[in-house]
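Some features that Swiss-Prot has for this protein:
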BINDING   12-18, 40-42, R304, 330-332, 412-414  GTP binding site
BINDING   D13, G40  Mg(2+) binding site
BINDING   D13, E14, G15, K16, N38, A39, G40, H41, T129, R143, Q223, T238, R302  IMP binding site
ACT_SITE  D13  active site, proton acceptor
ACT_SITE  H41  active site, proton donor
BINDING   V298, V299, T300, G301, R302, K303, R304  substrate binding site
Amino acid sequence: MANVVVVGSQWGDEGKGKIVDWLSERADVIVRYQGGHNAGHTLVIDGVSYKLSLLPSGLVRGKLSVIGNGVVVDPHHFVAETEKLRAQGIDINPDVLRIAENAPLILSIHRDLDAMREGSNSGLKIGTTKRGIGPAYEDKVGRRAIRVIDLAEPETLQPKVERLLAHHNLLRRGMGLEEIAVETILTELTSVADQILPYIDQVWRVLDERRKAGDRILFEGAQGALLDNDHGTYPFVTSSNTVAGQAAAGSGLGPTAIGYVLGITKAYTTRVGEGPFPTELNDEIGEFLGTKGHEFGVVTGRKRRCGWFDAVIVRQTVRTSGITGIALTKLDVLDGLDEIKICVAYELDGKRIDYLPSSMGAQARVKPIYETLPGWSETTAGARSWNDLPAQAVKYVRHIEELIGAPVAMLSTSPEREDTILVTDPFHD
């Protein structure tokens with residue numbers, strides 16, 4: 001049976017939470033493989049809302065949930081999020097939750113640095129959540145990170161913290177911040193160690209054993225492929241790789257173990273924060289999409305920018321992530337529009353192109369080339385079969401398939417998990 005990677009095919013906020021929850025009921029193991037607690041989503045089960053930003057979605061269904069080595073872990077947020085779920089009646093214990101022992105930790109110094117940089121970025125606002133994600137990844141790449149396993153070896157922790165602070169205190173002096181004492185970070189770590197250590201494991205071994213046993217594994221991506229540090233709209237990206245290939249590197253399970261890549265794709269386009277957005281609408285249509293689609297960030301509460309569906313960027317993501325099929329979400333938000341536009345190509349300096357260029361300047365200059373389709377007055381909300389959809393809505397979906405070069409495997413027509421049209425089961429071989 002196939003294992004499934006879920007990846008956002010746009011700039012995040014595509015509705016992955018509902019789809020992951022829908023799939024997690026069919027999965028045996030759910031794995032987070034990148035990011036941190038900077039991208040949140042809400043699950044609604046039996047009328048109860050669960051807000052998650054670090055923990056895998058499978059926890060609310062009692063499935064084995066794994067935080068992979070590709071995730072940066074804020075230990076204090078981990079404790080807070082687990083306590084919040086327990087208060088809602090979710091049983092969390094080492095039988096259902098594992099953390100990769102080689103995952104890097106987010107510390108208070110990372111949050112300080114993140115906030116300071118974002119506040120003084122010389123006009124270039126990346127739009128980070130100021131939760132320390134980027135600086136934590138920097139320390140990982142710089143080979144000075146404190147990792148989860150270090151909490152189990154307190155006798156070796158002090159020299160590692162000293163080495164880390166030799167770097168950070170140099171930065172803090174340059175930014176006019178007070179230096180941090182080694183004892184401060186040691187206390188920060190040791191105060192939470194006992195609440196973290198029961199969950200640590202060599203998760204690559206756990207996943208390999210579960211794969212060999214025939215378990216279905218769901219890899220839960222955060223954010224979107226266009227925020228990928230390599231393939232996204234750099235520098236307006238996140239600090240990790242968000243494309244589907246990261247599922248292997250960020251979990252320790254080899255790429256041949258990954259079968260189906262499901263790209264979660266919104267029926268229009270949104271983006272939070274700064275960066276290029278060729279199809280952005282700063283008019284009443286953009287306001288309509290934002291209001292009807294409730295486009296506000298789960299973690300930050302920031303209003304999302306809205307625009308028409310951009311087939312160029314999704315087609316590009318289909319290739320860079322090897323997307324097998326897409327889950328098209330929020331189709332119901334388009335109900336009632338007289339006409340709907342799809343960006344099919346760009347114009348750059350007088351030339352037509354079918355890709356998003358890599359350079360920041362070129363990305364800012366591209367202009368969308370649209371095709372206009374008739375809208376529909378009937379509702380798609382709550383549809384659970386193709387026969388429930390208006391004819392023009394079906395034509396819209398089919399045209400998207402043609403333009404991006406990937407079929408629709410699932411179609412979501414409301415926030416309710418049951419309002420889903422299944423075309424192809426991603427877990428089916």
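Backbone N, Cα and C define each Cβ position, glycine as well.
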Cβ neighbour count (within 10 Å, all chains shown) around Q223 (IMP binding site): 25
Nearest of the recorded positions (N38, G40, H41, Q223) to K18 (GTP binding site) - Cα to Cα: H41
Which same-chain residues, if any, lie at least 6 apart from G12 (GTP binding site) yet have Cβ under 8 Å of it: A39, A222, Q223, G224, L227, V272
Fewest-neighbour residue among recorded positions, criterion Cβ within 10 Å, set H41, K303, R304: K303
Surrounding CB atoms that lie within 10 Å of the CB of L331 (GTP binding site), all protein chains: 24
Of D13, G301, R302, K303, i.e. the binding-site residues, those within 10 Å of T42 (GTP binding site) when Cα atoms are compared: none
Binding-site residues listed as N38, T42, T129, T413, least Cβ neighbours within 10 Å: T42
K303 (substrate binding site): nearby recorded positions from D13, G15, N38, H41, T413, Cα cut-off 10 Å: none
G40 (Mg(2+) binding site), number of other Cβ atoms within 10 Å: 18
Nearest of the binding-site residues (T129, R302, R304) to G15 (GTP binding site) - Cα to Cα: R304
Binding-site residues listed as G15, G301, least Cβ neighbours within 10 Å: G301
Annotated IMP contacts D13, E14, G15, K16, N38, A39, G40, H41, T129, R143, Q223, T238, R302, maximal Cα-Cα distance (Å, integer): 35
